[in-house]
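What follows is a set of notes on a single structure, which appears directly below.
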Amino acid sequence: MWRRVASVSHFTCAHKSIVNNKDVCKLKFWEAFTTEIPRKDKGTFQRDKTPFITFVLGGPGSGKGTQCMKIVENFGFTHLSAGDLLRREIAANSADGTMILNTIKEGKIVPSELTIRLIQKEMESSDNYKFLIDGFPRSEENRIAFEQIIGAEPDIVLFFDCPEDEMVKRVLNRNQGRVDDNIDTIKKRLKVFAALNLPVVKYYLEKGKLYKINAVGTVDEIYKQVYPVFASFNFEQVRA
Ligand SMILES: Nc1ncnc2c1ncn2[C@@H]1O[C@H](COP(=O)(O)OP(=O)(O)O)[C@@H](O)[C@H]1O
Ligand SMILES: Nc1ccn([C@@H]2O[C@H](COP(=O)(O)OP(=O)(O)O)[C@@H](O)[C@H]2O)c(=O)n1
Ligand SMILES: [Mg+2]
């Protein structure tokens, strides 16, 4: 039913980045990573165990998590939401739990090393090689620290472009009991998004890795823009 569309909104041949990631495979993290992970894909996508990393960016309520669930369902990615990993630390009363809670309440960014450690742990314990890293990097500092600690860059970056009033409406209706889904914190998060996250979006636009998605419309309408991005890589489809 789905067909690859010719006008995928990207700014370069995203396959080009595969070459980049083969280079970073020489780094320590990926050496350990790739030797431990058996290939499960049978598709035409040839990466020889090299991780395929997608960063998923967008303001609060732009629909990142919702679209990630659909990508997981269709293309068998492992979804790592930075926010969910941080909230799990709070729920587990970990040593950093209180600091994370206070940071999230203020709509600020948790120190990069901590968030990256959580992401790295999940990646290393996964037997998948396809990752959606949702809500990360939230700042240039996040981005640079990931490159330094993990030694890799994303293959592609999705950016869900959504007007502020729509994001506010969605967050206020989210009803997940989150401490940051109130109007005061949302205002702070939107400011942080504009000041710290949009420069990251610009960086990946200039690098030719960005796929800008119009995040206004129904979930299915938005996914019709997302699907062809992944279909173009010929991953084995879990469900059509
Ligand atoms: N296209 C859409 N139209 C209306 N509501 C949406 C849409 N996509 C997601 N939502 C709802 O908006 C809220 C925020 O979505 P979510 O995926 O959690 O966004 P994010 O992870 O970017 O903060 C959720 O309640 C979700 O069900
Ligand atoms: N890379 C990240 C991601 C989230 N966070 C914190 O976690 C909060 C919630 O992130 P989230 O990704 O779950 O939020 P949504 O964009 O999904 O609404 C952010 O507002 C930050 O306070 C962070 O500090 N660093
Ligand atoms: Mg989310």
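In case you wondered, yes, glycine gets a Cβ from its N, Cα and C as well.
Caution: TrEMBL annotation is automatic and unverified by curators.
Arg189 is the only one of Arg189, Arg239 that TrEMBL places in the ribonucleoside 5'-phosphate site (with Arg87, Lys108, Ile109, Val110, Gly135, Phe136, Pro137, Arg138, Arg178). The shortest Cα-Cα distance from Lys64 (ATP binding site) to any of the binding-site residues (Ile109, Gly135, Pro137, Asn142, Arg178) is found for Gly135. Among the binding-site residues listed here, namely Arg87, Ile109, Gly135, Pro137, Arg178, Gly135 has its C-alpha nearest to that of Gly63 (ATP binding site).
When the Cα positions of Arg87, Lys108, Ile109, Val110, Gly135, Phe136, Pro137, Arg138, Arg178, Arg189 are compared pair by pair, the longest gap among these ribonucleoside 5'-phosphate-binding residues is 21 Å.
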